[in-house]
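S.K.: In case it's useful when we look at the structure, here is the feature table from TrEMBL:
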TRANSMEM  39-57  transmembrane segment
TRANSMEM  69-88  transmembrane segment
TRANSMEM  94-117  transmembrane segment
TRANSMEM  137-160  transmembrane segment
TRANSMEM  199-222  transmembrane segment
TRANSMEM  289-310  transmembrane segment
TRANSMEM  322-341  transmembrane segment
TRANSMEM  347-365  transmembrane segment
TRANSMEM  386-404  transmembrane segment
TRANSMEM  410-429  transmembrane segment
Amino acid sequence: MERNLRNVLVISFGFLLLFTAYGGLQNLQSSLHSEEGLGVASLSALYAALILSSMFLPPILIKKLGCKWTIAGSMCCYIAFSLGNFYATWYTLIPTSVILGLGGAPLWSAKCTYLTIASNSYAEKAGKNGKDIINQYFGVFFLIFQSSGIWGNLISSLVLSQASNKEEISEENLACCGAYDCMTDTTNTTGSAEPSNSLIYTLLGSYTASGVLAVLLIVIFLDQIKSDQAETEKEILETPSFWSTFLATFQHLKDKRQCLLIPLTMYSGFEQGFLSGDYTKTYVTCALGIHYIGYVMICFSAVNSLSSLLFGKISQFMGRKLLFALATVTNTACIIALLLWKPHPKQLAVFFVFPALWGLSDAIWQTQTNGLYGILFEKHKEAAFANYRLWESLGFVIAFGYSTKLQVYIKLYILLSVLVLSMVTYGAVEYLEAKSSPGAPTATKKEN
């Protein structure tokens, strides 16, 4: 096997193992650690740390340690989070969440840098177009990585379903599920008695082992960037000081279009935060039991992955406006239905319909918003995507931050309000683009 492709596969399977653990654990936080909102508070702290990390750490760590050791070190931050869950208190889980957040941005930046260098190296040897190889290698990576959502959630459901103390859910307890929840910790485990410590430790042990295997895979099998590639690495990492990068991020807000895209970008964080923090807790765990979370989120992950692939291909024919309209209608319908629906175990299929539709719309938000940033801000991509990470992470922080303070119906109204505002400001961006460049819509449609 060609060496560069082998390295791509090593990184891909390393990320698969790492996010099999993290993805499954993130979806369980609000239900597993519901006391005083510890689980969602940890996620809020995680994304707050990720905001700081994305603005300062990646260029520094990659230059000092190189891509391989930045990836390995950042993966250890994820393992720390798994370990913090073994004895979950405010003094263990919050610090380990912050550690994970700090490691998140360098991990993804180092991965992108490594894959880009590997792509250019192979393209040069084979006499092929560098961009084509980059697209090919990133396609291989995401094909393998995206399945982590399935495996992580499958592990959690298979382990937690072993609980022998499942209980019948009373109608009184079911009345506390859904949009008009009772705002008490007891609603989080009405579907079944709390899993035993031994089952929780088995699950956490599996996730920790998966993370450790990911680090070992990188350390043992991933090649260092060769000396003859040093110049390539230097070019890719040729960035200003982190203060300059920090200032460039906020200077980019002088662009009206960037300011108008803030609600849309934050909405991405809000909607993902609602699904993993509130839907899993107040609908699934409350009415069915914690062991169903994994199965429900597998449905979300599978539809999300397939839809991302589908919309990536058909966007050139439909255009992003129609796709954004489809996502808006789908999300709005889901929000209204969640406001009206009273979850009940007899309606098992309905619990899977919502994450499936959510996965479809989320695929559009992710693919089209990223594509929109790349097209609108082609000359200032670094500052633009720094803003993307900043505002999406802020959406997560806010969504998890008020998770334990408000009833679900209020959160759904907030979600709907942000969605409406997002579409109004997005429409303004499209108007400005059409006004400034009459020929742009056609070109944009082709690019997107």
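Including glycine, each Cβ sits where the backbone N, Cα and C put it.
Automatic, uncurated: that is what TrEMBL annotation is.
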S.K.: Going along the chain, which residues at least six beyond the ends of the transmembrane segment (322-341) come within the CB cut-off of under 8 Å?
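M.R.: Residues 178-179, 271, 279, 283, 311, 315, 350, 354, 357-358, 360-361, 364-365, 368, 408-409, 412, 415-416, 419, 423, 426.
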S.K.: With pairs closer than 6 in sequence left out, are the transmembrane segment (347-365) and the transmembrane segment (39-57) joined by 3 or more CB pairs under 8 Å?
M.R.: no
S.K.: Given pairs 6 or more apart, does the transmembrane segment (137-160) have at least three Cβ pairs under 8 Å with the transmembrane segment (386-404)?
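M.R.: Between the transmembrane segment (386-404) and the transmembrane segment (137-160), which are separate recorded stretches, there is no contact, as judged by 3 or more close Cβ pairs.
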